[in-house]
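Note sheet for the following structure.
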Amino acid sequence: MPSSRLLVLFGSQTGTAQDVSERLGREARRRQLNCRVQALDSYPVVNLINEPLVIFVCATTGQGDPPDNMKSFWRFIFRRSLPSTALCQMDFAVLGLGDSSYTKFNFVAKKLHRRLLQLGGSALLPVCLGDDQHELGPDAAIDPWLQDLWEKVLGPLSVPLNLDLSPPGVPWPSKFTLQFLKDTPSSGPEELCVAGTDPQGPPSELQPFPAPMVSNQRVTGPSHFQDVRLIEFDISDSGISFAAGDVVLIQPENTASHVQQFCQALGLDPEQHFTLQPREPGVACPARLPQPCSVRRFVSQYLDIASVPRRSFFELLACLSPHELEREKLREFGSARGQEELCEYCTRPRRTALEVLCDFPHTAAAIPPDYLLDLVPLIRPRAFSIASSLRAHPSRLQILVAVVQYQTRLREPRRGLCSSWLASLDPAQGPVRVPLWVRSGGLTFPKTPDVPVIMVGPGTGVAPFRAAIQERVAQGETGNVLFFGCRRQDQDFYWEAEWKQLQARGCLTLVTAFSRDQEQKVYVQHRLRAFGPLVWELLEGRGAHFYLAGNAKYMPADVSNTLLSIFREEGGLSSPDAAAYLARLQRTLRFQTETWA
């Protein structure tokens, strides 16, 4: 056995890597290993030289980028000054989480694995490549990899994890203790805990700006299948500034009916107040949580009860359940052998944590409040491309929001938490404030004057390009080419009047594709091919930058293939040379993408 001391470090953007890391920690402790679990940027990286055994759990975001909470670590670990023997005392393993529909699938995990080897570390296993696209999700790769890991760490005679090791009613200890107050606080602490700008800097996740919503306008036609909103916020006196390509993060809330349903299922009084304390030193309470806090506010603003629960949710519920039949089913869902059935019950129909709790009423009613934060993840902020420029709209920030709603085999339609919440807010009915802050996005536009830009933005993917065009036009840049696609010109042609006015002024070349306005479907890649000579001349002759934003499913690959054909036919390049040309554009950031599933 290499060591009984194990460190799990994670880089997580959406919470999956953190969830997997905490699962690793639980399994390690059940195997009598001393285990710590930390976010990479909260760990003093210089201490790695003293760690005998480290498991790195890393997601990949954007165009092969590390998550926000491991960026400092990422910069440090790739310092050229680090000696090749720096980590020669360390055994390690890397578990990656990614999406195989992206070009740089699990790029961060692969690159980190190679770097740790360069620094003298000994790999216990090949890198694990968890894939969101797999029908069973990342667990399809993680389960067998973890079994191999425990065999490496504990030897071939290690006992497989068995949920029976945790008897009913004796789960692992909760992260926090929740102490209910007998009397409601009279000072109104929640009203006093109002987010505002941080005097030390611009608004952030710890202290968002409560931005007044100015307008919330539907911009798709009444007969269009999708409700898309143009929402404007007033950011006067916020300290917020942004450039084209940046994103705004918004902290959403659960609906009042879901909060009420959750409290009823768990037997909680929404008006009761409590204080929260971590069980272990070094564990922080949720950011911005007032102390004391009401149950209603806690469930409404912090617990993501509308999310699709992960496997660990069922594992913990099984430990907490006093009901034999419910406990047996929950154990099956939490086990490796039950993953196909869990996928059928939960993942495919997108069943929420709240709906699962309603399906297991005896278990829900028995959940100790101490375990709420172990069971339900925190609501994560949602990122939206900023769709306006401060040069065109001073003190304003605009976003284009497609309201997510779709049907599965469940009776209730599935709804996106943040988009549905935003759509429900109506500033015409009274003041509305939305907690938000801004961070750099995945797209950066050229600073050099007279560099043309080609932008391909079908649907709501056009949002960051509106900000870029407004900014560039304000600076006198006229080399702006936009390929925009939607279903019908009269239903979802966002900012039609604005584009046409800019085109009339000679500030924009606009190329449109309306896929349903004729018998044969026409998409942006078809229009891109038709303008192949212009695209080649701008890229090769004038050093243009090429940008792509929108849905990740088929469009990015179709556009890339179209570009390759343009390079062959207009540039006279062979297939290998065309691929190398595209790779060079990507490497030099003259080809950038921002896509989402």
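The backbone N, Cα and C atoms fix where each Cβ goes, and this holds for glycine too.
Predicted automatically and left uncurated, TrEMBL annotations should be read as such.
Under the heading FMN binding site, TrEMBL lists 12-17, 59-62, 97-106, ASP132. Cβ neighbour count for GLY62 (FMN binding site) (all protein chains, 10 Å cutoff from its Cβ): 18.
Positions annotated as FAD binding site by TrEMBL: ARG350, ARG382, ALA383, PHE384, SER385, GLY416, LEU417, CYS418, SER419, TRP596. Counting every protein chain shown, 18 other Cβ atoms lie within 10 Å of the Cβ of ALA383 (FAD binding site).
In the structure as shown, the Cβ atom of THR460 (NADP(+) binding site) sits within 10 Å of 24 other Cβ atoms. As annotated by TrEMBL, NADP(+) binding site applies to THR460, SER515, ARG516, LYS521, VAL522, TYR523, VAL524, GLN525, ASP558.
The domain 'Flavodoxin-like' annotation in TrEMBL covers 6-150.
According to TrEMBL, the feature domain 'FAD-binding FR-type' maps to 206-446.
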Check: min Cα-Cα distance from LEU417 (FAD binding site) over binding-site residues ALA59, VAL522, ASP558 goes to ALA59
Sparsest-packed among the binding-site residues, when each Cβ's other Cβ atoms within 10 Å are tallied, from TYR102, PHE105:
PHE105
Between any two of ARG350, ARG382, ALA383, PHE384, SER385, GLY416, LEU417, CYS418, SER419, TRP596, the residues recorded as binding FAD, what is the biggest Cα to Cα distance in Å?
25
Filtered by Cβ under 8 Å and at least 6 apart in sequence, the residues in the chain of SER12 (FMN binding site) near it are GLN18, SER21, ALA39, VAL57, ALA59, PRO67, ASN69
Can you tell me the CA-to-CA distance separating ARG350 (FAD binding site) and GLY62 (FMN binding site), as a whole number of Å?
24
Between the Cα atoms of ALA383 (FAD binding site) and GLY62 (FMN binding site), what distance do you get, rounded to the nearest Å?
12
